[in-house]
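Worksheet: the structure to be examined is printed underneath.
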Amino acid sequence: HKDGGREGVKRPAPHKDGGRGREEPEAHSGSSAGLGQRENAQGGAGPGMKLGRAALGLLLLAPLAVRAVEPISLGLALAGVLTGYIYPRLYCLFTECCGQKRSLSREALRKDLDGKLFGQHLAKKVILNAVSGFISNPKPKKPLTLSLHGWTGTGKNFVSKIIAENIYEGGLNSDYVHLFVATLHFPHASNITLYKDQLQLWIRGNVSACARSVFIFDEMDKMHAGLIDAIKPFLDYYDHLDGVSYQKAIFIFLSNAGAERITDVALDFWRSGKQREEIKLKDMEAALSVSAFNNKNSGFWHSSLIDRNLIDYFVPFLPLEYKHLKMCIRVEMQSRGFEIDEDIVTKVADEMTFFPKEERVFSDKGCKTVFTKLDYYYDD
């Protein structure tokens, strides 16, 4: 799926042996996942690195002692220094390492949001400030927890993809970014106890391997009620749980719950002649949390994550208008290497359906089917 960043969806699985290589558990089996070995919070080489630096310092500061050492012994000592000091850096030149992107660029994230996400002034502002502020904080008190709400095709999945790409080069394909899809990974209500155990093991194992792990939970509105509460301890204000710190991890939830409330607010502004950019986060954030909490068809129904205020931001994604669809179409044309043809842009946009029935203001599928409709006009 090109829209919503569904490309390269991986089955979540725990890292083993410090995160080098992952094995997937049997689907819905009772086997538990192994826990990964912990690395330091920055994803560096750990004690070996520190030992290498110390040894190098001793060699540099004691030239007379070095000369007195037999050539073979000296060679072994230098080999140990080089292995501890240089090898981790060389290794990370050829493969992805935890925390490899040491600092997130706020401007790069802003550029991606401005150039790829349309009609979502609220989401842009919240995501930019929340993510960049969290990454730049060396000692956060808790993991960053974002809950994205809105109709399908409004950009929730796409934003999670942008966030992943700005933290790790591999984006959604990174070994440190984990996507859970409710209907794929947790399909049977009868297995909820097993799912809770597996979910805790998966998260613990991956955070043990990389403190800066990113977890994305899609289709929260289809998740079995009570399941997500299994991760509540990981989102709370704990320095460590059984020797593992979760404070640098990021959790992102995607849901359609509350979309009706978002549409009502957007429609009221439109009918009163106000610009959608005048909508403030305070106009709907509280209503979103209440809507998700009281929705029996939502994975957040009566969830302790909401009750304990462990979700940092409820981010509304507004329904898209006709002009926003055209923006999506133009960007897709450019991504395929085509020159922008405004006649085709208009034809594709006119084929979309809109609601409410009388006013026809908002696209009922957002930009989700724009990409497949373009295939009709560029079919070889």
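Glycine residues also receive a Cβ, built from the backbone N, Cα and C atoms like all the rest.
Some features that TrEMBL has for this protein:
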BINDING   GLY150, TRP151, THR152, GLY153, THR154, GLY155, LYS156, ASN157  ATP binding site
COMPBIAS  1-27  compositional bias 'Basic and acidic residues'
DOMAIN    320-377  domain 'Torsin-1A C-terminal'
REGION    1-46  region 'Disordered'
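Mapped onto this structure are the features recorded in TrEMBL.
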| residue | record | Cβ neighbours (10 Å) |
| --- | --- | --- |
| GLY150 | ATP binding site | 26 |
| TRP151 | ATP binding site | 22 |
| THR152 | ATP binding site | 18 |
| GLY153 | ATP binding site | 24 |
| THR154 | ATP binding site | 32 |
| GLY155 | ATP binding site | 30 |
| LYS156 | ATP binding site | 28 |
| ASN157 | ATP binding site | 23 |
Residue counts in helix (H, G, I), strand (E, B) and coil for the domain 'Torsin-1A C-terminal' (320-377), per DSSP? 31 helix, 5 strand, 22 coil
Which whole number is the mean pLDDT over the domain 'Torsin-1A C-terminal' (320-377)? 93
